[in-house]
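Reading through the structure tokens given below for one structure.
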Amino acid sequence: MFKYQKYNYALFGNPVHYSKSPVIHSLFAQQTGILHSYTSINVSLKDFYPILYNFFQKNGKGANITVPFKQEAYAFCTELTQRAKIAKSVNTIQKIDDKHFLGDNTDGIGLLSDLIRLDFIKKKYSILILGAGGAVKGILFSLLSFGCSVFILNRTIENSKKIIIQFQKYGNIKIFDRSLLDIKHFDLIINATSNFNQEQVNAISLSLISPKTFFYDMNYQKNNVFFIDWCIKIGANFFSNGIGMLVFQAAHSFLLWHKILPETDYIIQFLNKEKNILSKQERV
Ligand SMILES: NC(=O)c1ccc[n+]([C@@H]2O[C@H](COP(=O)([O-])OP(=O)(O)OC[C@H]3O[C@@H](n4cnc5c(N)ncnc54)[C@H](OP(=O)(O)O)[C@@H]3O)[C@@H](O)[C@H]2O)c1
């Protein structure tokens, strides 16, 4: 146990009560021996800037930002990493001094690291992404730079169009349109919606799925398993929840703050056992 805490770190969002980030960061701190106190802070939109600013004026050294404040965090930062600049979205902030804050986005490297761990991704894969929200902005640059083609299917077509305009210079990205598809089936389907439901199921023709298709649910909450249930129902052979992405994105925040990349595998196993939602990959 640490006798004192030199600097504070925190997750800001609304809601944050479900978050596993404090547990993950305390395991990183134990593992590396770095003094690192990490709490979660639920804020309203009105209070987000004053509370975040106040946190950094006191003992705050770094912050993670989750739904719905990643765009606000992007506007708050005075400097940005390349991936945060491209995503126009920030999930990690590092205080430089009282007036300067570096914004980063570790969602993309977090997802890619987990897809590689699971052996769910290869160059030239065709990927269908369900959703076009803040998290998708964070992951697209990583997937496109890896050499994959991406198709976006989202409830609000305007949001899909905006995301295509933002990312088309970084690789092959299109709006999902069954009639224009020149591929037989998707190699990987990623659920990046906050509410996967029957409407999306109806939009995905089973002819676009093969026994080799990988399925990844960025969600990891116990009460949000409609996508995983659907994977099981259609007999998918390879699927996973988003616990691994969560742990890897946290590890890359920790790397930005402390210049050490912590071990992740045992934490992913631990959290998956705790939640009792094992991916099929991890069951075998
Ligand atoms: N594992 C991880 O580390 C990790 C990291 C980041 C995010 N996530 C998860 O990823 C998910 C998305 O996060 P986000 O930040 O992108 O949220 P967001 O910015 O609020 O975007 C939500 C997305 O879900 C869609 N959506 C919401 N309700 C819907 C409904 N009833 N029917 C159809 N589509 C619906 C939205 O479509 P519209 O455009 O039509 O509104 C939008 O595309 C969340 O569940 C979050 O927990 C996981």
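Each Cβ is built from the backbone N, Cα and C atoms, and glycine gets one as well.
Those TrEMBL annotations? Automatic predictions, nothing curated.
Residues S19, K20, S21, N91, D107, Y220, Q249 are recorded by TrEMBL as shikimate binders, and the candidate that the same record lists for that site, out of T66, T78, T264, is T66.
Listed in chain order, the residues near the shikimate site other than S19, K20, S21, T66, N91, D107, Y220, Q249 are L11, N64, L246, A250, each with its Cβ within 8 Å of the site Cβ centroid. Long-range Cβ neighbours of D107 (shikimate binding site) (same chain, at least 6 residues apart, Cβ-Cβ under 8 Å): A87, S89, N91, A135, G138, I139, M245, Q249. Below 8 angstroms of C-beta separation, residues 67-68, 70-71, 83, 86-89, 91, 105-109, 111-112, 121, 159-160, 162-164, 166-167, 170-176, 181, 183, 186-194, 196, 200, 203-204, 208, 218 of the same chain, each at least six residues beyond the ends of the transmembrane segment (127-153), sit close to that stretch.
The two recorded residues K70 (active site, proton acceptor) and S19 (shikimate binding site) have their Cα atoms spaced 16 Å from each other. Among the binding-site residues S19, S21, T66, N91, no residue has its Cβ under 6 Å from any atom of ligand 1.
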